[in-house]
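Enquirer: Just dropping this structure here.
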Ligand SMILES: [Zn+2]
């Protein structure tokens, strides 16, 4: 059996085990997100190994059939829904359906996604004859007796038009209030405490003792019906729900029928905002194609119907554990501690690492190795440790020790006064800095040699074929072919691409030099202003300051770089021997639309929730703001994050306008004037 097959078998067994814990023992040990992740992983492997997959799947179904609990077969497979945690995932689904049906006016029906236990009710001639849990989707567990004691499940449907055989599907839920009461009672009486409303509902529904089911105050909310033996046919999902509601069933209190994508997304955002105020737990919304005829046309996949999707809410925080800390050397030698975390799912993404920024951050968090931590994602992207769960700290907690020597080149590290910066000053003598600098030099926004990837650069640097960007221009096919995984053809391609990137623009070249604080936008402004490299090499602070939007930080960093004769010599050598030529692009007039920050002197203090500091600075520069380090009479705005320094006192003494992060967010997203 090959590796992939073994892996599928292992994952499938694992899935089956978790199914068993969840459906049979009612004791899940992994979160929903982790379960979904497992399913997605299996599905991704399945595509390439479909035959093998079907083999093991059928063997598992046989196993299930023997199991007593699965003896009751559903009238039709009770599939779960495909889901996404991401609005983009929904947009893809939405457009896909429209594209497949070549129809612009497809109506979608949106309803709440109840966080409960799925239940199928079978009515014969209007009388409840059977209730099944989902089980494995084919066979469910019989809980008819329990269903009889759930208050809002009608045992008899008092309507003469009711179809002969009717199956109704929905979710059994426990209200948040009842859940809290139940757990409080359990704590007092030393009984089992449920981890969430869904587990509590499942445990209550499937209890052998129906008096317990009755006591637990469960509710049933339905979302689907199947008419099995009747001529009565509905055209739409919404009509069906209407009928169910008329028969006395509870349906989603919030619904939307629309073909408009924006309206559907707004419905999602609205529900996300009010969900905490609802009496029930919901974990997203469900969106279905409303027409039953179209549903049939679109059909079913292996696991899910293709005409419906659950758009789930992101959980913002997750608990993880700090396993160790490693230290990365940046391009400019700054050492950044990185937390290695116990792999944890957060809004559908597996988080394994998070930057710890600097020593101060670690002190502020009071973080130790082996601590339990709460993680989140800044701006929904960058993982970050939010806090430490001090109560969880055990004897194995270890202090985080900063290295004294550079992990790459072993030279003694420099600390600044308040330990915010720890830096390796070895520059190009430090292997890691060398590697990152060359990578930067040939990166997309710099000179960009296509195909000259960081992997190749690393190999060349580690094997000491290259020390500087200039060395790269001297590479040839023979040298590249010495690296194991290169053929002549691919080596030639890369050499060509390195040669081609010698024709570049002045602004790209300046950016490629990797001068601290000089980003893309600055490089372009400087190149446009001076027009030639020679003028730049001899510019003064006076001239630099004439350029719009170049603040103190940038100009002093820029001049500092060129104050070293060594740097100037290197640049001249690089241009001459590397045969770099500047293409004369027509002077581009960078037009910045006027806005509230345009040409304003701005100082920043504190930490920001939604941005890294550098990101914020770049955004402000983009809007034409001039960033300075210190408050002076010239300062127009002070932008304040959390834990601001004493700049805020200075600013208020000078009557300088103070802007909070929330306000600056609105400006950046063009919604606000202050
Ligand atoms: Zn170093």
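Just so it is clear, glycine is given a Cβ too, placed from its N, Cα and C backbone atoms.
Bear in mind that the values here come from a model prediction, so they are computed numbers and not experimental data.
Quick paste of what TrEMBL says about this protein:
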type: ACT_SITE; residues: 113; note: active site, N6-AMP-lysine intermediate
type: BINDING; residues: 32, 33, 34, 35, 36, 80, 81, 111, 134, 171, 288, 312; note: NAD(+) binding site
type: BINDING; residues: 406, 409, 430; note: Zn(2+) binding site
type: DOMAIN; residues: 592-674; note: domain 'BRCT'
Enquirer: Determine which residues of the same chain, besides 406, 409, 430, have their CB within 8 A of the center of the CB atoms at the recorded Zn(2+) site, and list them by sequence.
Expert: 329, 333, 407, 408, 410, 411, 424, 426, 429, 431, 432, 433
Enquirer: For residue 409 (Zn(2+) binding site), which of the recorded positions 32, 81, 113, 134, 288 has the nearest Cα in space?
Expert: 32
Enquirer: Please find which two of 32, 33, 34, 35, 36, 80, 81, 111, 134, 171, 288, 312 have the most distant C-alpha atoms, given that the record lists them as binding NAD(+), and give only that distance in angstrom, rounded to a whole number.
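Expert: Value for the max Cα separation, rounded to a whole number: 25 Å.
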Enquirer: Quick one: which of the recorded positions (81, 113, 134, 406) have their CB closer than 6 Å to ligand 1?
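Expert: Cβ < 6 Å from ligand 1, in sequence order: 406.
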Enquirer: What is the interatomic distance between the Cα atoms of residue 134 (NAD(+) binding site) and residue 113 (active site, N6-AMP-lysine intermediate), given in whole Å?
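Expert: Each residue's Cα considered, residue 134 (NAD(+) binding site) and residue 113 (active site, N6-AMP-lysine intermediate) end up 16 Å apart.
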Enquirer: Just to verify a number: CA distance, residue 406 (Zn(2+) binding site) to residue 81 (NAD(+) binding site), in angstrom, no decimals.
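Expert: A Cα-Cα distance of 51 Å.
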Enquirer: Roughly how many Å separate the Cα of residue 36 (NAD(+) binding site) from that of residue 113 (active site, N6-AMP-lysine intermediate), to the nearest whole number?
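Expert: So the Cα of residue 113 (active site, N6-AMP-lysine intermediate) lies 16 Å away from that of residue 36 (NAD(+) binding site).
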Enquirer: Roughly how many Å separate the Cα of residue 32 (NAD(+) binding site) from that of the residue listed as 'active site, N6-AMP-lysine intermediate', to the nearest whole number?
Expert: 14
Enquirer: Starting from the Cα of residue 430 (Zn(2+) binding site), work out which of the recorded positions (34, 81, 113) are within 10 Å.
Expert: none
Enquirer: If you count, for each of the binding-site residues 81, 406, 430, the other Cβ atoms lying within 10 Å of its Cβ, which residue has the minimum?
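Expert: Each of the binding-site residues 81, 406, 430 was scored; lowest Cβ tally within 10 Å is 81.
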Enquirer: Could you say whether, by DSSP, residue 36 (NAD(+) binding site) belongs to a helix, a strand or a coil region?
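Expert: Note: residue 36 (NAD(+) binding site) is helical by DSSP.
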Enquirer: What is the number of residues in the domain 'BRCT' (592-674) that are helix, strand and coil, as DSSP sees it?
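Expert: In the domain 'BRCT' (592-674), the DSSP-based counts are 25 helix, 18 strand, 40 coil.
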Enquirer: Using the alpha carbons only, what distance in Å do you get between residue 113 (active site, N6-AMP-lysine intermediate) and residue 288 (NAD(+) binding site) once rounded?
Expert: 12
Enquirer: Specify the secondary structure state of residue 81 (NAD(+) binding site) as given by DSSP, simplified to three classes.
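Expert: DSSP call for residue 81 (NAD(+) binding site): coil, neither helix nor strand.
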Enquirer: Across the domain 'BRCT' (592-674), what is the average pLDDT of the model, as a whole number?
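Expert: It averages 77.
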Enquirer: Including all protein chains displayed, how many Cβ atoms other than that of residue 36 (NAD(+) binding site) lie within 10 Å of its Cβ?
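Expert: Residue 36 (NAD(+) binding site): 19 neighbouring Cβ atoms within 10 Å.
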